[in-house]
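**Q** Dumping what Swiss-Prot says about this protein:
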ACT_SITE  Asp195  active site, proton acceptor
BINDING   Leu110, Tyr111, His112, Glu113, Leu114, Met115, Val116, Cys117, Asp118, Glu128  ATP binding site
COMPBIAS  14-23  compositional bias 'Low complexity'
DOMAIN    1-409  domain 'Protein kinase'
REGION    1-27  region 'Disordered'
REGION    36-40  region 'SUMO interaction motif'
REGION    344-350  region 'SUMO interaction motif'
Amino acid sequence: MDVNMAAELSPTNSSSSGELSVSPEPPRETQAFLGKVTVIDYFTFQHKHLKVTNIDDMTETLYVKLPENMTRCDHLPITCEYLLGRGSYGAVYAHADNATVKLYDSVTELYHELMVCDMIQIGKATAEDGQDKALVDYLSACTSCHALFMPQFRCSLQDYGHWHDGSIEPLVRGFQGLKDAVYFLNRHCGLFHSDISPSNILVDFTDTMWGMGRLVLTDYGTASLHDRNKMLDVRLKSSKGRQLYRLYCQREPFSIAKDTYKPLCLLSKCYILRGAGHIPDPSACGPVGAQTALRLDLQSLGYSLLYGIMHLADSTHKIPYPNPDMGFDRSDPLYFLQFAAPKVVLLEVLSQMWNLNLDMGLTSCGESPCVDVTAEHMSQFLQWCRSLKKRFKESYFFNCRPRFEHPHLPGLVAELLADDFFGPDGRRG
């Protein structure tokens with residue numbers, strides 16, 4: 001019996017007539033009162049989320065179905081009047097008050113993101129350490145309309161345009177929260193985001209037009225389970241038992257992260273595979289290891305932070321970070337090598353400025369101890385690096401040095417990119 005309840009039922013709380021007298025108490029939140037979710041709380045919460053219908057231990061397969069509220073079209077009409085963004089999945093529109101609706105061209109893409117969003121939401125319901133605060137919530141879904149409803153934010157970090165001295169503190173604080181969110185996704189939800197970039201980081205509203213609000217991670221359209229999960233085969237079925245979708249976990253390096261924000265370890269793998277003319281079959285690949293997934297997500301987050309640093313410093317837009325756009329076809333090994341050049345040069349500049357020792361396994365002088373870069377390709381890489389260094393000198397980057405003196409910024413960059421290395425096995429290679 002709960003200690004407080006026992007006290008209420010003790011003889012000292014009885015009236016002289018022998019009747020039970022319970023003193024009224026001010027209302028208290030369940031979380032604050034009990035410290036965690038109760039069984040009844042779980043029942044009232046769970047009926048709105050994915051339900052397990054069967055577990056096949058022989059094949060290690062988990063079968064789930066959608067709750068009824070996701071299959072009913074009982075939301076406000078979707079007008080598609082105010083377009084907020086568009087992508088390969090479909091489009092995002094403003095919806096009702098302070099909400100957005102993400103409309104999918106394909107229902108299978110909706111099923112994927114909806115399943116991942118719901119898994120995260122279930123994880124957030126039992127979170128106690130606050131690491132989940134920088135993960136976007138979803139409000140509801142409608143499979144009939146191919147729609148996912150979410151809170152409204154000002155814009156993505158990629159579209160944010162008010163960079164000034166006052167942006168430094170919220171940028172650092174925001175990325176510290178995003179780092180916690182990546183750990184929460186990996187360790188509490190068993191998920192690999194695999195597509196962290198400024199376009200998938202949302203900026204919240206503030207009281208002023210020029211203030212940077214909190215940063216929130218979104219877009220789980222390519223998220224997958226990592227190998228630390230007990231079951232990796234998760235299938236969504238209809239109420240009549242028809243299979244609607246199978247949540248994949250097989251990943252190969254070309255499909256992980258946007259090419260512009262691929263960590264150096266992934267760029268090196270893609271460079272090697274393209275040079276050998278080898279294209280991996282995704283169905284023959286396994287799930288990404290939990291630690292590898294964590295490292296890759298943190299590294300992509302680190303290069304997204306460098307994007308913010310560049311916008312704080314390069315008001316002339318002379319430095320093409322992260323995309324040099326050299327016009328190579330994706331089948332050319334140089335296509336992947338080109339994205340390494342701005343990362344290497346920028347990190348060398350920051351290492352010198354902050355007195356850090358960031359060994360990335362590739363230098364602007366042409367040192368590549370773990371990857372055999374051909375002489376022709378290295379010559380091209382060195383030319384890119386020389387051009388980038390010239391652009392740094394022509395920009396206002398070095399005039400903005402005071403903006404980089406935030407006490408936590410150097411350590412945060414070093415922590416996020418600590419394990420990245422231009423080699424097929426990363427830092428451990």
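Including glycine, each Cβ sits where the backbone N, Cα and C put it.
Set these features in their place in the structure for me.
**A** The DSSP secondary structure for Asp195 (active site, proton acceptor) is coil.
Take the CB of His112 (ATP binding site) and look out to 10 A: across all protein chains shown you find 23 other CB atoms.
Taking the domain 'Protein kinase' (1-409) as a whole, pLDDT averages 89 in the prediction.
Remark: secondary structure over the region 'SUMO interaction motif' (344-350) totals 7 helix, 0 strand, 0 coil, with classes taken from DSSP.
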**Q** Please find, for Leu110, Tyr111, His112, Glu113, Leu114, Met115, Val116, Cys117, Asp118, Glu128 as listed binding ATP, the greatest distance between any two Cα atoms, in Å.
**A** 29
**Q** Measuring Cα to Cα, tell me the gap between Leu110 (ATP binding site) and Asp195 (active site, proton acceptor) in whole angstrom.
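**A** Between the alpha carbons of Leu110 (ATP binding site) and Asp195 (active site, proton acceptor) there are 17 Å.
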**Q** Taking only the Cα atoms, work out how far Asp118 (ATP binding site) lies from Asp195 (active site, proton acceptor), in Å, as a whole number.
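**A** About 18 Å separates the two Cα atoms.
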**Q** Could you pull out which residues elsewhere in the chain have a CB under 8 Å from any CB of the region 'SUMO interaction motif' (344-350), counting only those six or more residues past its ends?
**A** 264, 306, 309-310, 319, 321, 356, 358, 360, 362-364, 385, 388-389, 392, 397, 404, 410, 413, 417
**Q** Would you mind checking how many other C-beta atoms are within 10 angstroms of the C-beta on Leu110 (ATP binding site)?
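**A** Around Leu110 (ATP binding site), other Cβ atoms within 10 Å: 25.
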**Q** Which residues of the same chain, at least 6 positions away in sequence, have a Cβ lying under 8 Å from the Cβ of Val116 (ATP binding site)?
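**A** Set apart from Val116 (ATP binding site) by at least 6 residues yet with Cβ under 8 Å, we have Leu191, Tyr220, Ala223, Leu247.
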